[in-house]
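Student: As annotated in TrEMBL:
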ACT_SITE  D:132  active site
BINDING   D:76, D:77, D:78, D:117, D:118  substrate binding site
DOMAIN    D:16-154  domain 'Molybdopterin cofactor biosynthesis C (MoaC)'
């Protein structure tokens, strides 16, 4: 095995990576994921969204606020001063995730360390919030496909998930 | 549409449900989800886990601590005094999620409201933490299948997800 | 002076009141306050509210989430397991606060101690959030009239602010 | 209407403003507000303050600690690394707010974004804490006049509220 | 070895203890600890305390607020609805800890689980705060003797530390 | 008395120090402390540590996460963007603290203000967590010797505690 877990030191204990020697650079990360639900629940979210936007509006704010708490939730993450994090939702009408709501989060920072955990955390909590808001209609909803889509800046440069254009 | 979103009132604004009239009853919820990764990353997590247990040990603690923050993360959730929340991990060697690590969280409370959001939040943040701990080896990991598996207690009684024994 | 500050002991140091001997009873508190702004800012909030509801929608969620953090914000407050907290907004078209947005929060609990600080905190942070969302249009907005309107339950029974019907 | 709500995008959804392209500059913000109470309550706070300072001392610390949580309370606020935040109290003996305690907060940062929300949050929670500490004497206290007084640094330069010297 | 670590299960992983079957009973815990400092620093704290009480006043509030966060700080602790927590300070003029400030915290709850971690956390953070407030005078201060002094209620009944009357 | 308490202003009120004029420099702080326990409890921690590492593993994560919350726990501390914080444990077999577990935390930052409070907070909460994990075996454990060991960077340069090589 040539790879290594960057948070684990030679003796196997959990460690924060010291980012003190890294320069401040502009970094952007995009993450995405979906929640699949019954037609009934989906219709209620869509309708609830049409006049007042509260299901997705609540999930958006929950995701943005969670991104700001990433360093408080993920033990080895650095506390970061985000430039911004925002979330978009779309309804997936076809393909693997037809009947799903997709959440896509974009986070950015001018800093020493990557911002992908903030984007992934934002997506995760936004989807968990949708579950909470719609669970009276469908307890069997499933959250899937949470992943990093794209990453710019830092040592690893531009990275894009396979199969995403 | 006969269903309704319990957090949305007649005018479509987001609302907390008033649980004041509900009795305190024992409630249990089980949620589960997986993270799929490359063979290399999986081998590193397994090996890291064998001698010292830190990847999964860190993820377990992150998930437990996140469950206690559910009311702070999910806007319409009540702050709850959990009886307990615990997380188990297993390696999926076959089936839909072969090559994945499964996290299963069990949360319990003696209270007025269900505990499923705590179990789902615990699973989500445990998996996000595994992503963080292994991302140096594989940026393409995917978190999937986060769902409620079982729910006991409260008005809706015993509920079990389809396809789970 | 016959009154005394309940959080201050005989020697003048700050203290939490011990509520251990109090019974659990149903308690409700209603608080209210306003933010006064320029016509331009008010029109933007109204318009922003009409199609998508995001200014007030964001403020509502901020206020609800802040209420859940009251024990973390106000040093001598007990951490409480709220039954519910909700916020309503209205536009004041006449009277002392014409040209203002009013936020009214209702909090309830079945517990040993009053819930008025949660209602007041919810109103305060909801109004501060409106300031944040509209400050690009008007830096001179003023938040006023934050007060307890009504209180039910507990030793002091039913209390209502003077001048409120 | 020529103005626009900076946190709301073209489609009306709530958004964090991306501050990545802004330079780090020194910024200062001053905010102020009052709490009006009965003579009895005011006398108790004054007396409590004279020998031991605990009412205002507690409110001061609550306000300072709340300022550090602004990004956790106000959804679209950036998490900021404050240079400092401090709070002063004065007793208003005459004018519109005679019989009130005034809280004035000064916050400063060397950063990309303004610090006014931190000053306003500090004032708000300091006043809410005074309410909590004195509510056994007077439930009818009113919090008023919370506003930005002065702002230095950043694109908008030096701004001062009308009527403040 | 006949004892066992209550948070560690048969396979050695960290676990929260399920307190669901325990009855609600009144529980009290007292913890104590000291910080030893130079004569110069001690004199400044005493003098600072005499007129305005701010060093110890700040430490008191920090300790009380930290006690309310115990479940957020100590991974396997349950989130608890404290009845009260309070802190007293004294100056140790003789004995093992002459030249020290002692912090003693008393926490109480009517609940299913003990309150000793809240008392110990309150003492720890109160002392850490004194360090912070006085460190410009003495970087060599030492915090010692943090321990549980007394515990009432629950299965183990009345427990008192050896050597404490 | 020539010294002064840097957080206390001329009138004795608690204040955050304004660090706006300080340059960003690399700073490191090391703090340490011990917990002394019965032979039985120590053997259980050692054994629990040998196969799975969960007692110390849990304490390590608790300490790291607490360090990130220092600004939220210690009232006059600045919120800081840590470069890293890590914790090591050792078993003290001889000397003043024989029969103890020592926790040593190293924190670093590139910033305007020192990082010693983060290191001290990490040690304190790591030791409090060990207490929590082992208290079923020994309620009489004592936490001692929490102190700053070494400090590099900033105006005061290189500082080392007396008696530490």
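Just so you know, glycine gets a Cβ as well, placed from its N, Cα and C.
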Student: By Cβ count within 10 Å, point out the most packed of the binding-site residues listed: D:76, D:77, D:117.
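Tutor: Ranked by Cβ atoms within 10 Å, first place goes to D:117.
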Student: Per-residue pLDDT averaged over the domain 'Molybdopterin cofactor biosynthesis C (MoaC)' (D:16-154) comes to what?
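Tutor: It averages 92.
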Student: Please report the distance from the Cα of residue D:117 (substrate binding site) to the Cα of residue D:132 (active site), rounded to the nearest angstrom.
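Tutor: Cα-Cα, rounded: 22 Å.
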Student: How big is the Cα-to-Cα gap, in Å, between residue D:76 (substrate binding site) and residue D:132 (active site)?
Tutor: 27
Student: Sorry to bug you, but what's the C-alpha spacing from the residue listed as 'active site' to residue D:78 (substrate binding site), rounded to the closest Å?
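Tutor: Between the alpha carbons of residue D:78 (substrate binding site) and the residue listed as 'active site' there are 28 Å.
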Student: Among the recorded positions D:76, D:77, D:78, D:117, D:118, D:132, which sit with their Cβ under 8 Å from a Cβ of chain C?
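Tutor: Filtering D:76, D:77, D:78, D:117, D:118, D:132 for a Cβ under 8 Å from chain C leaves D:76, D:77, D:117, D:132.
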Student: State the Cα to Cα distance, in Å, between residue D:132 (active site) and residue D:77 (substrate binding site), rounded to an integer.
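Tutor: Their Cα atoms are separated by 26 Å.
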Student: Is it possible to get the count of other C-beta atoms within 10 angstroms of the C-beta of the residue listed as 'active site'?
Tutor: 25
Student: Measure from the Cβ of residue D:78 (substrate binding site) and count the other Cβ atoms within 10 Å, all protein chains considered.
Tutor: 22
Student: Across all chains shown, how many C-beta atoms besides its own are within 10 angstroms of the C-beta of residue D:118 (substrate binding site)?
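Tutor: Its Cβ shell of radius 10 Å holds 28 other Cβ atoms.
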Student: Taking the residues D:76, D:77, D:78, D:117, D:118, which the record names as binding substrate, find the longest CA to CA distance and state it in Å to the nearest whole number.
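Tutor: Between the most distant Cα atoms of the substrate site, 13 Å.
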